[in-house]
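Quick look at what Swiss-Prot lists:
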type	residues	note
DOMAIN	2-214	domain 'ABC transporter'
BINDING	Gly32, Ala33, Ser34, Gly35, Ala36, Gly37, Lys38, Ser39	ATP binding site
Amino acid sequence: MIKLERVYFNYKTMPMNFNIHIKPQERVAIIGASGAGKSTLLNLIAGFERADDGEIWLNGVNHTYTEPYERPVSMLFQENNLFTHLTVEQNIALGLKPDLKLSAAEQSLVRQTASAVGLSRFLDRKPTALSGGQKQRVALARCLLRDKPILLLDEPFSALDPALRAEMLDLLSQLCNEKKLTLLIVTHQPSELQGRIDRILTVENGHFAKNNDLK
């Protein structure tokens with residue numbers, strides 16, 4: 001569950017105001033022109049930006065002033081932020097232990113998560129040996145390994161070709177079902193999400209301008 005109550009953020013020359021309630025396990029797309037406030041909205045929810053006023057509730061808890069690591073949120077960007085000197089398995093494991101000192105049970109969990117996104121055969125490879133789609137699978141697996149109930153995606157697949165985007169969106173839908181995730185995804189291709197999301201929110205000039213319920 002995501003609830004923003006009169007959240008105000010004084011962003012440079014465009015003050016932002018957000019009010020929204022997203023139900024548990026709901027899947028919502030965020031659209032709008034560049035600079036409208038879409039990424040800032042996700043950063044406020046994740047805690048990378050601090051609201052100047054209002055409240056941010058996540059899964060029934062007030063997280064307005066908590067640190068990003070304390071919030072029940074994982075976030076995936078267009079830039080997958082993989083470390084080229086680490087293997088696929090190690091890059092995924094960072095989501096669990098930044099020092100990579102894993103127990104046998106944790107190592108097993110990393111491999112299970114890699115398998116869930118179709119990476120079992122690539123665990124020993126470095127990111128430089130992967131395709132764009134495979135790199136995003138690694139980043140997605142790292143997010144999932146954190147086992148947070150809310151997943152925020154900021155145009156994560158926009159650099160991929162249409163066929164790969166469709167493949168990743170199908171995988172995302174499957175994982176949301178299996179893990180009962182609440183999803184918020186920023187996109188410039190909302191038509192590709194038809195049948196995969198519950199509603200579309202349009203952001204204009206730092207506020208929600210339209211709420212299109214698809215179900």
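Using N, Cα and C of the backbone, Cβ positions are placed for all residues, glycine too.
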Ask   = Name the residues of the same chain, 6+ apart in sequence, whose Cβ is under 8 Å from the Cβ of Gly32 (ATP binding site)?
value = Lys38, Thr202, Val203, Glu204, Ala209
Inquiry  = Within its own chain, what residues at least 6 apart in sequence put their Cβ under 8 Å from the Cβ of Gly35 (ATP binding site), listed in sequence order?
reply    = Met14
Inquiry  = Within its own chain, what residues at least 6 apart in sequence put their Cβ under 8 Å from the Cβ of Ala36 (ATP binding site), listed in sequence order?
reply    = Val203, Glu204, Asn205, Gly206
Request  = Work through the binding-site residues one by one (Ser34, Gly37, Lys38, Ser39) and point out the residue whose CB has the fewest other CB atoms within 10 angstroms.
outcome  = Ser34
Request  = Only counting partners 6 or more residues apart, tell me which same-chain residues put their Cβ under 8 Å from the Cβ of Ala33 (ATP binding site).
outcome  = Glu204
Inquiry  = Over the span of the domain 'ABC transporter' (2-214), how high is the average pLDDT in this prediction?
reply    = 91
Remark   = Not counting Gly32, Ala33, Ser34, Gly35, Ala36, Gly37, Lys38, Ser39, residues with a CB within 8 A of the CB centroid of the ATP site are Thr40, Val203
